[in-house]
Amino acid sequence: MRTATYFFIFLNLSLALFEEPAVYPLPFLTTSVLEVLCLLVFLGRLTHFAKVTLHNVFWKDTKNICIMVAILLSLTDLAIYGVLRLYDVRSIRWSRIVRPIFLINFAESRQIRRAFRSIRNTLPEITYVFLLFMFSLLMFSLMALKLFGERNLQTAEGLPYFRNYLEIVFDLYVLVTTANSPDVMMPAFDFSSWYSLFFIAFVIINTYIFMSLFLAVVYNNYKKHLKVMPGGAC
């Protein structure tokens, strides 16, 4: 039963590759039949688990409640989507986001659930480092707006350069990954080579210091929570 459960969980998650918009599109009837089959298997597995578990214990387990809610939401969304499709009304399958619930909450997924719980417990402790990084990003974006916004600079495509604050935040956020380096700094560099110091300081502080600090905090806290959990020794 464990193998069958894993197989249908994998099949249910894989349907995203074949549902519109899809990488390899299949007819709606095919994907809907496969999804209903998966949901019926999940419901049968849950029913079997209820038969061998005390009534009070079963209904107090939030994992079982999550699975039942996910099945109900998936069936409801599938029915609504099918009816709208009959009337040529375009809609989206919003219930896809609940499919990982089946992977996490079945009893067979104890190790995945332990890892997920460790990530959840780690998030509050890395919030302060993330907020500090975001503060630095917002301050550098404000400085960039003041430095370049009034100089009527343009990008290679002829677009305004660093004149909208939100666009500056996004461009500098991408620069943290160095994905748009050095293109993002070339208009300012062509205007004056001294402006390269701004981007050098930004990369040093945010990419090499904050990202390393963020990674260290995430790793240490995740390892700590993984060790304190039952059966979670590294």
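Glycine is treated like the rest: Cβ placed from N, Cα and C.
Automatic prediction, not curation, is the source of TrEMBL annotations.
Residues annotated as domain 'Ion transport' in TrEMBL: 6-224. Across the domain 'Ion transport' (6-224), the model assigns an average pLDDT of 88.
With a cut-off of 8 Å between Cβ atoms, the residues of this chain six or more beyond the signal peptide (1-16) that come close are 22, 31, 34-35, 37-39, 41-42, 45, 48, 96, 99-100, 102-103, 106, 108. The annotation signal peptide is assigned in TrEMBL to 1-16.
Marked as transmembrane segment by TrEMBL: 26-44 (among others).
As annotated by TrEMBL, transmembrane segment applies to 65-84 (among others).
The transmembrane segment annotation in TrEMBL covers 126-145 (among others).
According to TrEMBL, the feature transmembrane segment maps to 165-182 (among others).
Marked as transmembrane segment by TrEMBL: 194-219 (among others).
Here the listed stretches are 26-44, 126-145, 165-182, and the one with the most C-beta pairs under 8 angstroms to the transmembrane segment (194-219) is 126-145. When Cβ-Cβ distances below 8 Å are used as the criterion, the transmembrane segment (126-145) is approached by residues 162-163, 165, 168-169, 172-173, 176, 198, 202, 205-206, 210-211, 213-214, 217-218, 221 of the same chain, each at least six residues removed from its ends.
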